[in-house]
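Asks: Take this structure first; my questions come after.
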């Protein structure tokens, strides 16, 4: 059973968008435009498109709307699935992973190992054990790429002693060259783990592995530290090292953006002034970084003054320059100014990226101007900028908040037409809304349509379903059914899901059902599910609670 085809309205046309903008920017509107300096009344010759620098671009989801689920056609996808499932089922140190892997020995190859490691990026300990096991097989020859994948996995799991042991072994075996890029992975891992001092020390350890550091390595460390808001550590490190390595405009730009991200525009200005004093060439990236820092710190007028200086320095503002002011306008809830800057960009033939369009869409939806958000979606497509899943999810959240079932389902249908795959947030929002208002027929259709779109529910989506059904009168049996499907699929549930279902069953007098479910969990091939059976029986003392991932999915549940 699938969702019936729901055609979306075609009434959102270009002239309506022009009317909207005229209405928003008409002189009779009393709302002041705090970015009015950017809107001179005289016209300029259009400028060619100039994209923002790569280091300034936000990270967006894969732009490919329909990625190939099997990027290695010569590798059986089921083999990758089975191996990944085995690593997931035996993720704890006391599990006998090697025995579980033995049937796969004849199939081991370098390509297979790398694909499994990429799939199991959140299974640090078992991924490392799998690598060590695979290395004993003649079909697997570790490459530089394999080493990078494993170090990234260990870093994500905060297994830092294992990382250094692994690098030391790599150096001794000399199986392939150790380059500076592997240390960039280590910088990122320590920064993500909120260990900035260790990230800085990692740079000093490069010499122990015969790798010298230069500007690129310093910039990468600064970037990773600032990205995780460790700006003061980054600044302190920079002040110590700038006498050894000549700072570049990129180094200063990274620091300026870092200070701006934590609202310290005054500190960013000090970095900018130092850059000028040292005679470092101030390029467009540096100006954009300073403008962004000022706007994030609330100094929009000062940002405009700096914007006016760019022409005298021989610099032409690009799409990212104007986008900074669009984001500032959206943060200030001044949608009029955001549209004015957007129109200004259009006159210069500059196209905002999807991240900037999404900022305007988000502000429109917060102001309950959903129809205008749809108009902006149409404009994005007309101008060659493909909306991403966040573009649609922002509008979808508004429909779900207002319990607009038909509009929400039409939007998912439109995502199909626009070749944008829904993600777990898409489905979690819709399922939660449908259960909340009691549209269980629609819930079933949405659930059954997920596989057709190539989406397979994870623990968070099952949690939304089970938690929601548990709270609805007469739906406890359905909650148990979806929980059993989850167990059959080998997906370890959240401990909170087990607890909620157990408490609900006992509260309604079905305590025997908890033992039936616990027995089923104990028969699972997943060791993690077996251990969670203790929670279903109420034996919390011996249970190894599966807490990872729950905090990130609370909003979905």
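Backbone N, Cα and C define each Cβ position, glycine as well.
TrEMBL does not curate its annotations; it predicts them automatically.
Okay, these came from TrEMBL:
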COMPBIAS  50-59  compositional bias 'Low complexity'
COMPBIAS  60-76  compositional bias 'Pro residues'
COMPBIAS  81-90  compositional bias 'Polar residues'
REGION    33-102  region 'Disordered'
REPEAT    248-282  repeat 'PPR'
REPEAT    283-317  repeat 'PPR'
REPEAT    318-352  repeat 'PPR'
REPEAT    353-387  repeat 'PPR'
REPEAT    388-422  repeat 'PPR'
REPEAT    423-457  repeat 'PPR'
REPEAT    458-493  repeat 'PPR'
Asks: To what whole number does the mean pLDDT across the repeat 'PPR' (283-317) round?
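Replies: PLDDT averaged over the stretch: 93.
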Asks: So if I exclude everything within five residues of the ends of the compositional bias 'Polar residues' (81-90), which remaining residues of that chain have a CB under 8 angstroms from its CBs? That is, six or more out.
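Replies: Counting only partners 6 or more residues beyond its ends, the compositional bias 'Polar residues' (81-90) has Cβ contacts under 8 Å with 96-97, 100-101, 104, 112, 116, 119-120, 123, 126-127, 130, 490, 492, 525-528.
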Asks: In the repeat 'PPR' (248-282), how many residues does DSSP assign to helix, to strand and to coil?
Replies: 26 helix, 0 strand, 9 coil
Asks: State the residues, same chain only, that lie 6 or more residues beyond the ends of the repeat 'PPR' (458-493) and have a CB under 8 A from a CB inside it; answer 'none' if no residue qualifies.
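Replies: Same-chain contacts beyond the flanks: 85, 88-89, 424, 427-428, 431-432, 435-436, 438, 440, 443, 447, 500-501, 504-505, 508, 510, 513, 517, 520-521, 524-526, 528-529, 532, 546, 549, 553, 556-557.
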